[in-house]
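The FMN binding site feature in Swiss-Prot is assigned to 67, 68, 69, 70, 71, 91, 145, 178, 214, 242, 262, 291, 312, 313; the stated evidence is sequence analysis. Annotated substrate binding site per Swiss-Prot: 71, 116, 117, 118, 119, 120, 178, 183, 243, 244, in sequence order, evidence recorded as sequence analysis. Annotated active site, nucleophile per Swiss-Prot: 181, in sequence order.
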């Protein structure tokens with residue numbers, strides 16, 4: 001009831017203005033362990049059936065918040081308190097950048113979807129690392145999503161990713177290379193076998209922490225599988241599928257710029273993930289993101305082969321109860337099918 005009133009006010013504002021107001025509150029809450037404890041007591045949810053050990057990291061539950069919400073690593077404590085099993089911060093770039101011109105964030109309310117053309121706006125890796133350390137340690141794994149600065153030419157992209165990773169080596173529990181945002185010109189062109197191989201070979205030499213590749217939902221299936229295979233062969237530990245889509249046919253009134261996320265992406269993301277899991281289940285840790293907004297969809301992705309999940313748009317539309325609702329219902333679905341834990345259900349449809 002409270003969030004429905006707050007949502008009505010927030011949705012009367014420009015989408016980015018509303019996000020900034022929420023972030024300001026979350027930053028304030030993150031500075032207070034007491035307030036974070038109150039949030040956790042109201043909206044957190046813990047159940048041993050949902051716990052899992054993946055790549056040496058303990059996940060209290062499989063539901064994470066996707067990159068893009070906490071771009072500067074300034075509100076992780078508060079977000080964890082809302083029940084997430086892990087968070088992915090960023091996207092961070094080597095140098096600070098302002099991103100694309102506003103307006104650059106839009107709602108498609110009927111489709112419960114968002115369209116963003118943000119362009120990796122962030123304060124840069126150095127300031128983000130300081131912010132991370134200010135509030136560390138954290139109660140869940142934290143991923144760091146890494147991107148390329150807009151001004152960097154493609155020929156120097158590998159050096160730029162090396163530079164941003166180098167500045168983040170002492171923060172986070174895993175790293176995700178973002179080559180799939182549609183909002184940095186030509187970034188998606190880096191989703192090719194040769195570059196991905198170079199990128200992960202380089203990163204593997206720099207860190208022993210888990211490395212992930214985040215892919216676009218708009219690749220042809222064969223191209224996607226080739227890129228993913230190249231990443232895994234070069235040392236990637238996991239694949240996150242998918243980023244936002246540039247398929248404007250999925251909403252009634254799309255804006256010209258930006259990628260779409262939310263319920264409009266559910267079917268497309270699920271289909272991509274199904275093909276990914278068929279080829280790489282048990283060969284890599286698979287993370288499903290895109291249009292997940294309830295326990296039923298979350299459970300389907302897990303049975304399809306997802307060890308972990310991520311949400312974003314659904315959190316905007318459904319508010320602070322979302323994690324708790326999904327996780328409680330997920331436990332019921334596991335019990336109904338006779339699974340003793342979420343770990344047992346991973347990839348059940350492939351067995």
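Quick reminder: no glycine exception, Cβ is built from N, Cα and C everywhere.
Mapped onto this structure are the features recorded in Swiss-Prot.
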{"residue": "69", "record": "FMN binding site", "Cβ contacts under 8 Å, 6 or more apart": "79, 312, 315"}
{"residue": "71", "record": "FMN binding site", "Cβ contacts under 8 Å, 6 or more apart": "89, 90, 91, 92, 121, 122, 123"}
{"residue": "117", "record": "substrate binding site", "Cβ contacts under 8 Å, 6 or more apart": "100, 104, 105, 183, 255, 257, 258, 259"}
{"residue": "119", "record": "substrate binding site", "Cβ contacts under 8 Å, 6 or more apart": "97, 99, 100, 104, 150, 183, 184"}
{"residue": "145", "record": "FMN binding site", "Cβ contacts under 8 Å, 6 or more apart": "67, 68, 88, 89, 90, 91, 92, 175, 176, 178, 214"}
{"residue": "243", "record": "substrate binding site", "Cβ contacts under 8 Å, 6 or more apart": "178, 180, 181, 182, 214, 215, 216, 217, 259"}
{"residue": "262", "record": "FMN binding site", "Cβ contacts under 8 Å, 6 or more apart": "108, 111, 112, 113, 114, 291, 293, 312, 313, 314, 317"}
Among the recorded positions listed here, 178, 181, whose Cβ has the fewest other Cβ atoms inside 10 Å? 181
In DSSP terms, helix, strand or coil for residue 262 (FMN binding site)? strand
Least buried of the binding-site residues 67, 214, 312, going by other Cβ atoms within 10 Å? 312
Hey, for the substrate site built from 71, 116, 117, 118, 119, 120, 178, 183, 243, 244, who else sits with CB inside 8 A of the CB center? 68, 91, 99, 181, 182, 184, 258, 259
